[in-house]
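Asker: Pasting a structure below so you can have a look.
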Amino acid sequence: MSDSVKPPLSGRIEIVDLARAVAIVAMAIYHFTWDLEHFSYVQEGLTAHGGWRIFARCIASSFLFLVGFSLVLAHGERIRWRKYAIRLGQIVAGALAVTIATLFATPNSFVFFGILHHIALASLIGLAFLRLPAFLTALAGILVVAAPSFVSLPGFDSRWLAWIGWFSDTMPLSNDLVPIFPFFGAVLIGIAAGRIAVDRDVLAVMRGWNDRLKRLSPLAFAGRHALIVYLLHQPLLFGLVALFSFVAPADREAIFRADCNKACLASQDAAFCERYCGCAERRLKEEDLFDMLMENDAGPGEMTRIREITTSCSFDAARPAGE
């Protein structure tokens, strides 16, 4: 890839740092809610479904859009290889730290390809798109986003291949999985937006807002140091919730019964659900699976046994009283 004769783009753009900071705050909100779920202060599965799932995907997409946009700002005119290598090394080190930490903390759902892993790989692949016309890069981004709707292969369900994003409905368990398809599409769209901003001199307009945004400089500071904030915020939040759980532990039994009854009553009567949920709670505790289930830390083997227990309890609950 040849260097351009143009000088590198320079000068910070406060609105970009602020956008990064807003994404960090949103991620902290999501992670705090995940921590509350992990320690059973909110209903199990809350952050994995509905609005919270959409929220998580929007956060990841916004980060990755900014990765693409910032790649153009830093290296769009010429690639500054030393700066690029240092930054990439920091991201790779952070990704490895997350994988190692989660292997110890939640071995059944450790992070094998999370947001940092994605950013590291996207920073490499994205170089190939820096000089392309913006419309071609944007088109490629749209195709990457759309691809999982048309490509779904059981052979991609293992952790070795799930990072690509073509897995079927049985994707591997992970606390943070951000596969190439569809999320690399956000990076490409960010590169296209950055290319348009450079070619049409939008960056000068954006830099013109810097003085008006100085009052938000503490927030922008967090955006400038997003990697450090990202690596520190979740251990801190998790530790605080863990500490609180020792002082005022959540009533896991009450949460389990509420969740179980809510799901059961959608198709059964109250008497059946009382028998079914009582049976499931008792037997899960007898086999030391209750806490694993409530902490979302059950592995494939444990989940198979949990399904066997719930199926058995369903048959037992359907029997007439006295049998």
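Glycine too: its Cβ is placed from the backbone N, Cα and C atoms.
From a predicted model like this one, the values you see are computed outputs, not experimental measurements.
Copying in the features that TrEMBL gives for the protein in this structure:
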DOMAIN    12-235  domain 'Heparan-alpha-glucosaminide N-acetyltransferase catalytic'
TRANSMEM  15-34  transmembrane segment
TRANSMEM  54-73  transmembrane segment
TRANSMEM  85-104  transmembrane segment
TRANSMEM  110-130  transmembrane segment
TRANSMEM  135-156  transmembrane segment
TRANSMEM  176-198  transmembrane segment
TRANSMEM  219-247  transmembrane segment
Asker: Using a Cβ cut-off of under 8 Å, list the residues of the same chain at least 6 residues beyond the transmembrane segment (85-104) that approach it.
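Answerer: That would be 110-112, 114, 116-117, 119-120, 123-124, 175-176, 227, 230-231, 235.
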Asker: Please work out which recorded stretch in 15-34, 54-73, 176-198, 219-247 has the most C-beta pairs separated by under 8 angstroms from the transmembrane segment (135-156)?
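Answerer: By Cβ pairs under 8 Å, 176-198 leads among 15-34, 54-73, 176-198, 219-247.
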Asker: So, does the transmembrane segment (15-34) come close enough to the transmembrane segment (219-247) to give 3+ Cβ pairs below 8 Å, pairs being at least 6 apart in sequence?
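Answerer: As far as Cβ distances go (cut-off 8 Å, pairs 6 or more apart), the transmembrane segment (219-247) and the transmembrane segment (15-34) touch.
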Asker: Can you tell me which of 15-34, 110-130, 176-198 gets the most C-beta pairs within less than 8 Å of the transmembrane segment (54-73)?
Answerer: 176-198
Asker: Over the span of the domain 'Heparan-alpha-glucosaminide N-acetyltransferase catalytic' (12-235), how high is the average pLDDT in this prediction?
Answerer: 93
